[in-house]
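All remarks here apply to the structure that follows.
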Amino acid sequence: MKFSSIILLTLLICSMSIFGNCQIETNKKCQGGSCASVCRRVIGVAAGKCINGRCVCYP
């Protein structure tokens, strides 16, 4: 429950951002592959990439 509320709060803050450059860095490791399944599970959207060995999701 706490994890879900953190994600919702992050999305709320990101949606209010003037610049709209919001990204959510996960603790899931990756190697140049797609992070779509991780992002779909974390934020419900399949937009993400592998940056510095971690999945970064974009709402």
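Cβ from N, Cα, C; glycine included.
What Swiss-Prot annotates here:
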SIGNAL    1-22  signal peptide
MOD_RES   Gln23  pyrrolidone carboxylic acid
DISULFID  Cys30-Cys50  disulfide bond
DISULFID  Cys35-Cys55  disulfide bond
DISULFID  Cys39-Cys57  disulfide bond
SITE      Lys49  site 'Basic residue of the functional dyad'
SITE      Tyr58  site 'Aromatic residue of the functional dyad'
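Restricting the recorded positions Gln23, Cys39, Tyr58 to those with a CA within 10 Å of the CA of Cys50 (disulfide bond) leaves an empty set.
In terms of C-alpha distance, the listed recorded positions Lys49, Cys57, Tyr58 place Lys49 closest to Cys35 (disulfide bond). Long-range Cβ contacts of Tyr58 (site 'Aromatic residue of the functional dyad') within its own chain (separation 6+, distance under 8 Å): Cys22, Gln23, Ile24, Cys39, Val45, Ala47, Gly48. In three-state terms derived from DSSP, Cys55 (disulfide bond) belongs to an extended strand segment.
Using Cys30 (disulfide bond) as the reference Cα, a 10 A cut-off selects Lys49, Cys55 from the recorded positions Lys49, Cys55, Cys57.
Between the C-alpha atoms of Lys49 (site 'Basic residue of the functional dyad') and Cys55 (disulfide bond), the distance comes to 6 Å. With a 10 A radius on its CB, Cys35 (disulfide bond) counts 22 other CB atoms from all the protein chains.
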